Amino acid sequence: MGTAKVTPSLVFAVTVATIGSFQFGYNTGVINAPETIIKDFLNYTLEERLEDLPREGLLTTLWSLCVAIFSVGGMIGSFSVGLFVNRFGRRNSMLLVNLIAILGGCLMGFAKIAESVEMLILGRLIIGIFCGLCTGFVPMYIGEVSPTALRGAFGTLNQLGIVVGILVAQVFGLDFILGSEELWPGLLGLTIIPAILQSAALPFCPESPRFLLINRKEEDQATEILQRLWGTPDVIQEIQEMKDESIRMSQEKQVTVLELFKSPSYFQPLLISVVLQLSQQFSGINAVFYYSTGIFQDAGVQEPIYATIGAGVVNTIFTVVSLFLVERAGRRTLHMIGLGGMAVCSVFMTISLLLKDEYEAMSFVCIVAILVYVAFFEIGPGPIPWFIVAELFSQGPRPAAMAVAGCSNWTSNFLVGMFFPSAAAYLGAYVFIIFAAFLVFFLIFTSFKVPETKGRTFEDITRAFEGQAHSGKGSAGVELNSMQPVKETPGNA
């Protein structure tokens, strides 16, 4: 197998795919900045309809629904990934669901003109479904078009798209840009533009060669696409691996979500996939970002919105750092470093918030702890859970596994968003100790259960888990970690 290169075709395909990740990040962060203005819109609209001032409880419920319905849509979308990718393919699925994004964007963008609370909530639900689908499509497509030696680095671009989307939403949400009383519908409806751009660019991207060969038996087209994407004529080894996997798939029926839970062969990789997704959300990162303005305000920052944007910049910078580290240090190592660093920062956040009234310097300690916490998140728990799921499963169960992992991520995101305010009100600064405890648990789990997938082919990883299932031992992680990874030489990639 020839040495794979970073070709313009590969970069273009991955970049276009990550527009879906950008959409997820943008729509996650876009609702926070105009909170007060949207509440005023809800109040005005209900007053006109009810001919009386709405109760405060009703306003709070509707606002919470506007925020939380996005995660409900994400759960629905993420669980529907397999329905699309097995029927339409990876690329065509991304193309089709942009229609959903455009519909959701239009509903949100015209909600104010129509004076319709229902349009706003329905738009958030629909855009959530779209983003849930994207969290499955994008990592799967990137993992299947990337060379083994570059799979981790390109997989990190999925997370980079998410954090750039969050940052853009924070900046555009400033009151002198689009976060004003007149322009906030444009802020929400802006999601239409990336959807149109991706729809225009996707026809120029290739379909996943693994899907073409394994699912459609189109070997010649898969070979041509691999040669073009990887910049080498010698892709015999990769094609043979796909053919072997295709033979194995033909001997067993397509894997459904239910069969994924029933089969002993899939138990260990599925457990790892779900726990890693939980480690991302129960690390507390979204709680910090959802309520970062208030946290910075409590810490004594005069303009907390700019401190929040600063945290978003740190978020983006360290995602880029992770991109360069992931193929050197490995997924497992970076994930453990990230979890450990976040646990320490959570303790420092608790201590500094408790002592900030007594010691002025503690406000500075709190801000630094938050920024370092965000940096550690993007080194490991941010990017790695998304793309490692695609690495742990072969072609047959991969769509179902992505659906289960994505749904667990969205569900845990929803739970954190729902219960963090109550927990913070009851526990105060001690709430971050809960996240520290979760982080320590996930660190121990990763140490004992998660294999290092750096430099492994999909076949290597799958065989290790199958061997573990047949032997009845929980040793796949140890077995993979003790193997020598595939190295880049003139004879392989």
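Cβ coordinates come from backbone N, Cα and C, glycine included.
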Which residue among S246, S475 does Swiss-Prot mark as phosphoserine?
S475
Swiss-Prot annotates one residue of S250, S394, S482 as phosphoserine; which residue is it?
S482
Do T36 and I461 come out on the same side of the membrane in Swiss-Prot's annotation?
no
Write down the residue from N43, N409 that Swiss-Prot flags as N-linked glycosylation site.
N43
Using a Cβ cut-off of under 8 Å, list the residues of the same chain at least 6 residues beyond the transmembrane segment (154-174) that approach it.
10, 14-15, 18-30, 32-34, 138-139, 142-143, 146, 187, 190, 289, 305, 308-309, 312-313, 315-316, 319-320, 322-323, 326, 378, 382-383, 386-388, 390
Site diameter for D-glucose, Å, by largest Cα distance between Q159, Q280, Q281, N286, N315, E378, W386:
16
Of the residues in the topological domain 'Extracellular' (33-64), how many are helix, strand and coil by DSSP?
25 helix, 0 strand, 7 coil
Would the transmembrane segment (430-450) and the transmembrane segment (332-352) count as touching if the test is at least 3 Cβ pairs under 8 Å, pairs 6 or more apart?
yes
Quick one: DSSP breakdown of the topological domain 'Cytoplasmic' (390-399) into helix, strand and coil?
5 helix, 0 strand, 5 coil
Which state, by DSSP, holds Q280 (D-glucose binding site): helix, strand or coil?
helix
With every protein chain in view, how many other Cβ atoms are within 10 Å of the Cβ of E378 (D-glucose binding site)?
26
Of all the recorded positions here, N43, N286, N315, which one's CB has the most other CB atoms within 10 A?
N315
